[in-house]
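The domain 'G-protein coupled receptors family 1 profile' annotation in TrEMBL covers 43-294. What TrEMBL records for 28-51, 63-88, 100-122, 143-163, 199-223, 244-267, 273-294 is transmembrane segment.
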Amino acid sequence: MSVRPDFKVSNSTFLLTGFPGLERDYPWLSIPFSCIYAMIISGNCLVLHVIWTEPSLHQPMFYFLAMLALTDLCMGLSTVHTVLGILWGLGQEIDLDACIAQTFFVHGLSCMESGVLLAMAFDRFTAICNPLRYTSILTNTRIINIGVAILGRSFLFITAPIVRLKFFHYCRPHILSHSFCLHQDLLRLACSDIRFNSFYALALVICTLFLDSVLILISYILILRSVLAIASQEERLKSLQTCVSHTCAVLVFYIPIIGLTMVHRFGKHLSPVVHVLMGNIYILFPPLMNPIIYSVKTQQIRSRIQRWFTKQSTRG
């Protein structure tokens, strides 16, 4: 039976879960996780630096890539203090306000990444299916408007359910399932009426992540149809190669989400370590892989990075 929300502000603290059963190995586990976070921060900063300093990269495609890199950078920064804090032995406790703030950024940034990937799909669709109007469609003003719309959609729509978390009564053991805070994890511990949050969160997932993935799929169907209409096989391959990086980024983002959902839904009998590991993959894998994908697969980014490192080594 639901309990009415306790509107008295709670100062409760919660216990984050590290890797159950591997506590003695935390010093060793901290090494790869520290390296991963270092790669996330340095890799995305490098992509942003290259795009910012190279006038030839001031194009719609790279503006959207800069949005993606900034989103991934913020995702890494939003979780680094709790994940490494546990592994370094700095503590597993987090107070309610900090937990709610982390929840807001984790879910908001995840929604923002989905929106940026959709915008990048629209960019590829326009470049391939309507190349003569590409620059007139994706003007700087329109790109700014798209960025503001993505930002607004990502954070404004999640504000209501996240704020409600502040006023819930948490009567169950304050042990979270991951090394960072998630909305569904806090709902699991609440004894208040959570129906609004549950339905709202489901509707939000359908209207953002699910709808974005469907629209991305539709855009690639249209791109494929347009490419197949090209007579020259060489031109077909050239057109499709411009989509390889974005396709990899989409897979890197959506596969961990699907995997985490499947583990939560059907893997209740699995070890808690599996749940924690899938949660960390969901948070860390896209920010880690996206700079690598775009540095390897995008010739303009790769050549600028090589040139930048060559200059640095020459100066040294």
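Yeah, the Cβs are placed from backbone N, Cα and C, and that goes for glycine too.
Proximity of the transmembrane segment (199-223) to the transmembrane segment (100-122) is established through 3 or more Cβ-Cβ distances under 8 Å for residue pairs spaced 6 or more apart.
Here the transmembrane segment (143-163) has Cβ contacts under 8 Å with residues 60, 63-64, 67, 100, 103-104, 107-109, 111-112, 115-116, 119, 183, 196-197, 200-201, 204, 208 of the same chain, all six or more residues outside its ends. The average pLDDT for the domain 'G-protein coupled receptors family 1 profile' (43-294) in the predicted structure is 91.
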